[in-house]
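Here is the structure we will look at.
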Amino acid sequence: MADFDATLQGKRILLIIAGGIAAYKSLDLIRRLKERGATVRVVMTKGATEFITPLAAGALAGGTVYTDLFDRESEQDVGHIRLAREADLIVVAPATADLMAKMAGGHADDLASAVLLATKLPVLVAPAMNPAMWAHPATQRNIATLLADGIRLAGPERGEMAESGEAGTGRMSEPLAIVAAVEALLSGDNGADASAKPLLGKHVLVTAGPTHEPIDPVRYIANRSSGKQGFAIAAAAAAAGARVTLVAGPVGMADPEGVSVRRVETARDMLAAVEIALPADIAIFAAAVADWRPAHEAVSKLKKDGSGIVPPLHVTENPDILATIAHRRDGRPGLVVGFAAETDDVLENATKKLSRKGADIIVANDVSPANNVMGGAANTVHLVTAEGIESWPQLPKDEVARRLVHWIAGRVPTKA
Ligand code: CTP
């Protein structure tokens with residue numbers, strides 16, 4: 001047998017296998033975890049036993065496989081409460097849409113869900129399902145709930161489904177990718193791994209939310225941005241160890257923990273706050289800045305004069321904050337990240353914005369009303385750089401933020 005670094009030496013993993021065709025990969029996962037020194041205990045749902053046998057899983061894991069909440073022997077021997085406690089990490093792979101729905105709803109009508117409800121351990125979930133099931137709003141809602149509960153995700157990936165040959169997002173991550181996520185999570189828990197805080201010592205500047213451009217003391221031009229994505233990025237950057245300044249337009253969200261927040265109203269205020277906050281190692285412009293503002297702000301409320309003639313609204317262009325900062329000769333942040341909110345020709349327009357605005361990365365998202373991005377909880381993004389385009393599956397905004405921050409951290413230029 002090949003030698004492996006014992007990266008998981010002494011670690012106890014409880015692997016919960018749910019019922020999906022990807023369960024066959026879990027057998028390989030057991031082997032990979034054990035090769036690295038982990039001990040693996042296995043729980044299988046009833047559905048899982050339709051795809052692989054407890055005997056095979058037990059032989060690879062080297063122990064009993066637990067399947068039944070009401071099995072007298074195993075409940076007396078170990079019991080679901082002990083299963084929920086006697087490990088360093090729980091891995092659910094494959095996690096079906098049904099099991100994730102049960103987790104999100106707090107159900108406990110079988111051994112797997114009872115263990116997951118009873119545990120205080122970190123839980124890593126590797127979803128596997130048909131792309132339509134993954135994309136369904138119910139699944140996306142459940143994922144958002146699970147992430148908010150602190151559960152970590154590995155995958156799913158894009159690819160062809162084993163059963164239908166259909167392409168889309170929903171394929172379970174490969175066992176080695178899940179092993180890497182396990183290693184990262186456990187080393188992060190030990191606090192020993194600097195890669196868990198890849199932005200330590202960096203200053204990250206984030207803009208978020210809409211801007212309001214006053215017409216008169218009571219009216220303004222605005223847009224539908226909720227600020228959720230930008231706030232989530234600021235929080236994720238702080239969690240990754242950065243010192244974070246968030247310049248936020250008018251939104252009703254609380255300051256993310258550990259982030260220094262400057263609240264502004266107009267595009268011009270936002271530009272001024274950004275300039276004051278510089279220098280930064282990374283600047284991420286997630287705000288939906290109003291492109292135009294009324295040319296003249298009336299000091300008093302505009303009144304109807306009874307003639308039926310509508311007062312003209314003259315507008316003028318706002319400064320482009322991203323382009324201004326990205327084109328700075330002095331004090332340009334090492335990495336400048338812009339967003340592109342598009343409804344048509346998303347990738348083409350985003351690629352044009354990359355060069356026009358002078359950004360290093362453009363995060364493109366399709367904000368057509370059908371996608372419910374503006375104000376919604378999920379986002380589908382494409383990362384556009386000079387090297388090419390990387391597309392991610394639809395994910396909750398918090399997860400987009402977490403992944404984005406780690407993706408960006410790997411691209412920060414080292415200072416000369
Ligand atoms: N942006 C900015 N200042 C502006 C307008 C946009 O900083 N006055 C930034 C946004 O924060 C985002 C990027 O530029 O990072 C692209 O914004 P977007 O609204 O997609 O594009 P626009 O520049 O407004 O172009 P268009 O309206 O033609 O799509």
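Glycine too: its Cβ is placed from the backbone N, Cα and C atoms.
Automated prediction, rather than curation, is the source of TrEMBL annotations.
Feature annotation from TrEMBL assigns region 'Phosphopantothenoylcysteine decarboxylase' to 1-203.
What TrEMBL records for 11-183 is domain 'Flavoprotein'.
Summarising the annotation, TrEMBL assigns domain 'DNA/pantothenate metabolism flavoprotein C-terminal' to 200-409.
The feature region 'Phosphopantothenate--cysteine ligase' is assigned by TrEMBL to 204-416.
As annotated by TrEMBL, CTP binding site applies to Asp291, Lys301, Pro319, Asp320, Ile321, Leu322, Phe339, Lys353, Lys357. Reduced to three states, the DSSP call for Ile321 (CTP binding site) is helix. Non-local neighbourhood of Ile321 (CTP binding site): Thr207, Ala267, Met270, Leu271, Val274, Phe285, Ala287, Val289, each in the same chain, at least six residues away, with C-beta under 8 Å from its C-beta.
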Mean of the pLDDT scores, which run from 0 to 100, over the region 'Phosphopantothenoylcysteine decarboxylase' (1-203):
87
